[in-house]
Amino acid sequence: MTQIINKDEVQETSSKKLTIKTANSIDQAQFELRKITERTSGTVQDEAIKVVDDILKNVRERGDEALTEYTSRFDGFLTEKFQVSSDLILKAWEETPRELQDSLLLAKKRIEKFHSLQVPKNITYTGPNGETLGRRWSPVEKAGIYVPGGRAAYPSTVLMNAIPAYVAGVNQIIMVSPANSQGEINQTVLAAAHITGINKIFRLGGAQAICALASGTESIPKVDVITGPGNIYVTLAKKKVYGKVGIDSLAGPSEILIIADQSAKLEHVASDMLAQSEHDPLASAILITTNTKLAEKLPAEINRQLINHPRLKICQESISNWGLIVLCDDLETCAQLSDTFAPEHLELLVEDPKKLSESINNAGAIFMGPWSPEAIGDYLGGPNHTLPTSGTARFAGALGVETFMKNTSLIDFSKEAFNENKNAVVQLANSEGLHSHAESIRIRDSKSF
């Protein structure tokens, strides 16, 4: 059975049960999951593409002049100086309450430790005829980090993007983030930047910030890789500049899928779903469960926890439009449905989460058991919280140190190795009709050096 939580029902009292929509087959459940995956496609995106195209064209042609105009129009303040001074960044850190400083430092320590384990190793191989082959990793020169503003401040985004770049050995880490109408970036965001090795910070947001990083302007350095989440305009801008620069991913609205059995606690499931829904009206929270009572009681518990919620409207819109409950006969079916959806975040609130996790192939991150809520991973678990969304966990993974690195192949053939392999190369080149490829082998074969 599939239960979709409707907006009007969320606003009713918790004593009234929400209507349950029954799915006649697994196919019906998969259909509902596909609708969630595709929730950002359509007319809105088409209109946004036109806006982004205009912004990219203007920034490329007019540089800082265009940035000034867009900042005034979209962010509400007028400036020709986008860079945040080092004094302001230090001041933000010094004025951060000690307890929050300690929390930021703890998160930094844990994230840095985990990501230091990801640094790829160079490899060297000596072939049978003395040829030396290798693969060498090196960091990009400059990385651009986008930190969103808007509905909330995200110092965790600073940590999760800047620390992997720092660990990778990136020479210059450039951060952009939209300021408020007074031209100020959130103080905790600046405090997080202070401790993560960021070299420069610019008060700049939206598609215009992405274009500035990709192309460079009079004041904004051109970078090699751009990472960080944003709204639909930021995401489309990243899509447009990809190929000119590297990017981490095309992030869609956030999502969580929870698989729960008889051992799951109702209040845990509800709170974890709301923790996802409070991000954004387009965020999605899904429960797939074998527990009939949990499925029946969850709407009322969500309603109860929404009482006096500071982000009530966002949660209601998210849950009502993109919340989903699926009741299954067994955990194997739950896992199969989860793999079909390929969630960004997957929580396993089951009796044996490690065993169930072994049957999961498609998930950005898996949170196992009652003591590993998604919020742990969002802030300081260690693994990165920048994860594939909208079904892309089928082929993509989390942001990591390698996002800010590239590899170079090394080939050093000896004369003996050349002679041993030359005939095969000529045959292969001829089969492709590439005369000069074959000739580059023959000419060496005929010369003595």
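Glycine too: its Cβ is placed from the backbone N, Cα and C atoms.
The substrate site recorded in Swiss-Prot includes SER254, GLN276, HIS279, HIS345, GLU432, HIS437, and the single candidate from ASP224, ASP378, ASP412 that the record places there is ASP378. Mapped onto three states, the DSSP output places ASN231 (NAD(+) binding site) in coil. Ranked by Cβ neighbours within 10 A across all protein chains shown, the binding-site residues HIS279, HIS345 are led by HIS345. GLN276 (substrate binding site) sits 11 Å from GLU344 (active site, proton acceptor), counting Cα to Cα. According to its DSSP assignment, TYR146 (NAD(+) binding site) is in a strand.
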